[in-house]
Amino acid sequence: MARAFLLVLDSFGVGGAPDAERYGDLGANTLGHIAEFCAAGAADRAGLRAGPLKLPNMCSLGLLEIARQASGDIPAGMEPPERIFGLHGSASEISKGKDTPSGHWEIAGTPVTFDWGYFPTEGDAFSPELVEAICRQADIPGILGNCHASGTEIIAALGEEHIRSGKPICYTSSDSVFQIAAHETHFGLDRLIALCETVRKLLDPLNIGRVIARPFIGETVATFERTGNRRDFSVPPPEPTLLDRLVEAGRKVHAIGKIGDIYAHQGVTRVIKANGNAALMDATLHAIDEAENGDLVFTNFVDFDMLYGHRRDVAGYAAALEAFDARIPEIHRKMAPGDIALLTADHGCDPTWRGTDHTRERVPIMAFGPGIRSRDVGIRSSYADIGESIAHHLGIEAGSHGRSFI
């Protein structure tokens, strides 16, 4: 039996990107800075966590050596393992963006070598012509926001006005994205999804990567809270990905969390929705039980990025990493001979960095399973090597990008 389990710790970068300066991210290091804050006691939070960052299972998969290779530094305060199991290394990104689709598509063997469209103006981000077209086609009275913003902050600032006026909150960031926040009951979840579908069509000519529905509940600024009904409306990848090649070869792709949305549901045979890292891990373990020979189980663990990276919450990010690490043995116990599990990330989002955006970083590669020997695979020149390694392991034809390290 040969199966593959690909787990993306969304935004868990390890620093060291050779082109970080071009993105204003020279020195950004998600793992390194979290560990530094933890070692200094700056990520202690009563009832949540305290002390140095404790990731014993990932360290046994080579995380400290990965960090040393990628950025030149061993994370502060972390305990080295007695020995390293499995394949370990890191990868640089060749895609031009530092966003979720770019990272995931490159992981699956399709780097984004073209330029995304963006909304670079921080105020009045969307043109009057675009706003007018959205309002007319979606039959809405107008929009709120129209700026670069943090999602939680703009909901706090405009949520009550949104409820009163019926106008959705529209905003963007340095990524190629158009985000729409609306109340699940006052505006309606189905109406929000329909609005996003309308906006998606209008933005296709502008080459905007994603339209994201951001539903929330609550009646006042003190009670507003995002729900788990987020939806991403992505443009499809520009060429077949690992997922497409697997499906064409008669294999199944179990897409957990937002994986289906990221690939515009291309190359996906089964979509499994779950909300929160714990539920995503539960869903992953259940999918492993059901996966057949040749299948791929593919999960995005979004909380690292959405709840802690963008919100610059170091303690929250550290606690989430420790909780994830504690469950890695559950994956080990589910694995059969011939299986491989691979942990990686799609970009960085250093919670100690300025602003609220992603950071350009290398990502870790930690691969393990029965029969997988410990080996340093070095610094890979593209995330695409990850997808090609899975393709090789599952015995399908190689793609056009990347090189297997298996």
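Please read every residue number as a count from 1 along the shown chain.
Just so you know, glycine gets a Cβ as well, placed from its N, Cα and C.
These numbers come from a predicted model, not from an experiment.
Annotated Mn(2+) 1 binding site per Swiss-Prot: Asp10, Asp346, His347, in sequence order. Summarising the annotation, Swiss-Prot assigns Mn(2+) 2 binding site to Asp305, His310, His358.
Structural mapping of features recorded in Swiss-Prot.
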residue : record                : Cβ neighbours (10 Å)
Asp10   : Mn(2+) 1 binding site : 24
Asp305  : Mn(2+) 2 binding site : 26
His310  : Mn(2+) 2 binding site : 20
Asp346  : Mn(2+) 1 binding site : 29
His347  : Mn(2+) 1 binding site : 32
His358  : Mn(2+) 2 binding site : 31
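Taking the Cα atom of each, Asp10 (Mn(2+) 1 binding site) and His358 (Mn(2+) 2 binding site) are about 10 angstrom apart.
Neighbouring residues of the recorded Mn(2+) 2 site, listed in sequence order and excluding Asp305, His310, His358, comprise Asp10, Ser11, Met306, Gly309, His347, Cys349, Thr356, Asp357 (Cβ within 8 Å of the Cβ centroid). Between the CA atoms of His347 (Mn(2+) 1 binding site) and His310 (Mn(2+) 2 binding site) there is a gap of 12 Å. Cα to Cα, His358 (Mn(2+) 2 binding site) and Asp346 (Mn(2+) 1 binding site) are separated by 10 Å.
Put simply, Asp346 (Mn(2+) 1 binding site) is 14 Å from His310 (Mn(2+) 2 binding site) when counted between their Cα atoms. The Cβ centroid of Asp10, Asp346, His347 marks the Mn(2+) 1 site; residues of that chain outside this set whose Cβ lies within 8 Å of it are Val8, Leu9, Ser11, Phe12, Gly13, Thr100, Gly103, His104, Asn300, Asp305, Ala345, Gly348, Cys349, His358, Val363, given in sequence order. Looking at Asp305 (Mn(2+) 2 binding site) and Asp346 (Mn(2+) 1 binding site), their Cα atoms lie 10 Å from each other.
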